[in-house]
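K.L.:
Quick one: structure below, then a few questions.
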Amino acid sequence: MEYLNRKVKSNGQIDTRQMNGASNARKKLSETAMSPAPPAPRDKNTNQPEVGKQSLSGSRTCTYSMERDRIGVWGSGDGQSNSKLSGLDRLKHPGLNKGMAFSIEERQAMGIHGLLPPRVKTQEEQVQLCKLSIERYEDPLNKYIYLMGLLDRNEHLFYRFVGENVSQMMPIVYTPTVGLACQKYGLVYRRPRGLFITINDKGYVYDILKNWPETDVRAIVVTDGERILGLGDLGACGMGIPVGKLALYTALAGIKPHQCLPITIDVGTNNQTMLDDPLYIGLRQRRVRGPQYDELIQEFMEAVVKRFGQNCLVQFEDFGNANAFRLLEKYRGKYCTFNDDIQGTAAVAVAGLLASLRLTGKRLSDNVIVFQGAGEASLGIAELCVMAMKAEGTPEQEARGRIYMVDSKGLIVKNRPEGGLNEHKEKFAKDCPPIRTLAEVVDTVKPSVLIGAAAIGGAFSPSILRAMGANNERPVVFALSNPTSKAECTAEEAYVNTDERAIFASGSPFPDYRTKDGRVLRPGQGNNAYIFPGLALGILCAGLVDVSDDFMLLAAEALAEIVSQEDLDQGSLYPPLEHIQECSVKIAKKIVEHAYATGKASVQPPPLNTESFIRSQMYDVRYGRALPPVYDWPHDAPKVNVL
Ligand SMILES: NC(=O)C1=CN([C@@H]2O[C@H](COP(=O)(O)OP(=O)(O)OC[C@H]3O[C@@H](n4cnc5c(N)ncnc54)[C@H](OP(=O)(O)O)[C@@H]3O)[C@@H](O)[C@H]2O)C=CC1
Ligand SMILES: CC(=O)C(=O)O
Ligand SMILES: [Mg+2]
């Protein structure tokens, strides 16, 4: 039979990325240095190898679209062809399963006829069922468990469902519910998802990476669980975050699921509640710090390059403050990496601020900005604000002078009696006597922008908000802390206490607000989810390694440009969540263009049409044909399992 011959080829045509001068140095890091590939057929629009034969599509070509999406597979372990899989395997394989959408021919040819109810459903009907099913759950945690179960069963359906219902599903797979899921991870954990690497695995990290059954990993989100959202140290239970972030990589930016790998590095936890919890899933010990910790992370970075190549992206997520800054400085430029909490958050917040200028009629440099918090998020945003102000022509010192930071000890001032200023905070220290409370800082400084990222729920009291309203025609208030319980104020509080004049954004979603005169305000979600999926897509499409801050400013500008007048009129500084996939493509396009313009791209040759190249790389949530039609039901079917 013809289809018997249609096997996955293994000709290594994919890695057409040839290292350019800028990345030659990195070659030494890798045992798996890419070899120049034989020429592949080129797409006339993109000047890139055809889909299925290029950088993001897997390291092998194949005939069927489903195989094209999923080459290495759960269960095969070696990333070899799917031809070893039986029909039953395919039914159980989340990347290949179509459930009742398998056609009759497919069911017969794969030897699974009779294992499914007779009716054949469309994917649209399945999406409808997902909607009905999830609506039956009232408890968000149960909705989360349902969605993770769907992901475990049928990836295409999960991503289509989430992608078509972003504003309803994002709060479940992501903040705020993912925070609750992490706190209860011992309860919600069902099936293996992601890799756990512990301090006891030192010396064997590469072997653990080899246990991951997919070989074509392009993006890793890694946490050590020390600062999970604003919930603190959750140890190994932090795994929910890399899983959730990577679900958004695919749902929001079309990065293929099998190219994504969530990792949790378990060095213990200092959270006594976790340590005492019989359901806790991690090592029962206090956190290891110092040289042992650093050696483990170093081994991890090297093992990633050795296993997946030097262009494999490592997104650091929810590390504790001290490690986050240190590790970013240590690895940026040398490895393909960025820190989402510092850099991604900076980009989304600056995007919001740039958009706000269209409402206030100011330049960014005309603003006075007060931060509640001086950690990863706040300092990342503050530094990018300085960069954006400099781009407006404001001298650096003047730009820094317009930014005031409040940490747990009060306003950051020079010669603080209790000391404790690190080099990052020092740059924003003011030459004035200490001021202890945020309320006093707001009264003294009279900021036009107030940004909260300190995980102190309710820190923007009604009186602080009223002061913002009294001092500004349109006060800008960002309550960025996650999850919802940690938000500095709600959208309603921001509007009510400023005569509905506040320009508000928040890290976790808040419902629409109806004004006294009947207008509906839709507070935007100032969350790095608007940035990291598109940023990652751009990084991968360009083969970018050095994710410097100019890329972050570019991403911010790209996002701000997408915000329409209608969005602004509705009080939102961000495009609707329903458009977030388009935002990802636009951001990726800017990243790719800038990577080539600055000589930092390593995918060669450059695409002729950047946007079509990017789109051609993205995951298709629709099912492919599992098999070509070979006969009509109800005729006798050959008992052959070809896949
Ligand atoms: N919306 C988004 O996209 C993002 C939101 N976030 C959220 O931001 C929050 C903070 O994250 P991150 O910056 O990474 O955390 P960090 O731990 O790095 O920083 C927390 C900061 O808050 C300060 N702080 C603690 N207590 C107080 C207080 N009572 N008054 C003033 N400041 C205080 C700390 O002060 P000190 O330095 O003195 O310890 C520190 O500077 C989290 O809730 C997180 O979820 C983070 C990333 C993205
Ligand atoms: C959104 C995010 O990255 C955080 O709250 O940590
Ligand atoms: Mg984070």
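Backbone N, Cα and C atoms are what each Cβ position is placed from, and that goes for glycine too.
Keep in mind it's a predicted model, so treat the numbers as computed, not measured.
Annotated compositional bias 'Polar residues' per TrEMBL: 10-23, 46-62, in sequence order. The (S)-malate binding site annotation in TrEMBL covers ARG227, ASN482, ASN527. The divalent metal cation binding site annotation in TrEMBL covers GLU317, ASP318, ASP341. Residues or ranges marked as domain 'Malic enzyme NAD-binding' by TrEMBL: 342-596.
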K.L.:
Would you list the other residues of this chain near divalent metal cation - those whose C-beta lies within 8 angstroms of the C-beta centroid of GLU317, ASP318, ASP341 - in sequence order?
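P.N.:
Along the chain, the qualifying residues are THR223, ARG227, ILE228, ILE241, PHE316, PHE319, ALA324, ASN339, ASP340, GLU376.
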K.L.:
Checking the spread of the (S)-malate site as listed (ARG227, ASN482, ASN527): what is the longest Cα-Cα distance, in whole Å?
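P.N.:
The (S)-malate-binding residues span at most 16 Å between Cα atoms.
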K.L.:
Please report the number of other Cβ atoms within 10 Å of the Cβ of ASP341 (divalent metal cation binding site).
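P.N.:
The answer is 24 other Cβ atoms.
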K.L.:
Can you give the mean pLDDT for the domain 'Malic enzyme NAD-binding' (342-596), rounded to a whole number?
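P.N.:
In the predicted model, the domain 'Malic enzyme NAD-binding' (342-596) has a mean pLDDT of 97.
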K.L.:
Output: those binding-site residues from ARG227, ASN482, ASN527 whose CB lies less than 6 Å from an atom of ligand 3, in sequence order; none if no residue fits.
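P.N.:
Passing the 6 Å Cβ check against ligand 3: none.
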K.L.:
Which of these binding-site residues (ARG227, ASP318, ASN482) have a C-beta closer than 6 Å to some atom of ligand 2?
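P.N.:
Cβ < 6 Å from ligand 2, in sequence order: ASP318, ASN482.
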K.L.:
Same chain only, sequence gap of 6 or more: which residues have a CB within under 8 Å of the CB of ARG227 ((S)-malate binding site)?
P.N.:
ASP233, ASP318, PHE319, GLY320, ASN321, ALA324, ASP341, GLU376
K.L.:
Determine the most Cβ-crowded residue among the binding-site residues GLU317, ASP318, using a 10 Å radius around each Cβ and all protein chains in the structure.
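P.N.:
Answer by Cβ density within 10 Å: GLU317.
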K.L.:
To the nearest Å, how far is the Cα of ASN527 ((S)-malate binding site) from the Cα of GLU317 (divalent metal cation binding site)?
P.N.:
13
K.L.:
I'm trying to understand the geometry here, so how far is the Cα atom of ASN482 ((S)-malate binding site) from the Cα atom of GLU317 (divalent metal cation binding site), in Å to the nearest whole number?
P.N.:
14
K.L.:
So which other residues, same chain and not among ARG227, ASN482, ASN527, have a Cβ within 8 Å of the centroid of the Cβ atoms at the (S)-malate site?
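P.N.:
Neighbours found: THR175, LEU229, GLY230, ASP318, ASP341, THR345, ALA377, LEU480, SER481, PRO483, GLY507, ASN528.
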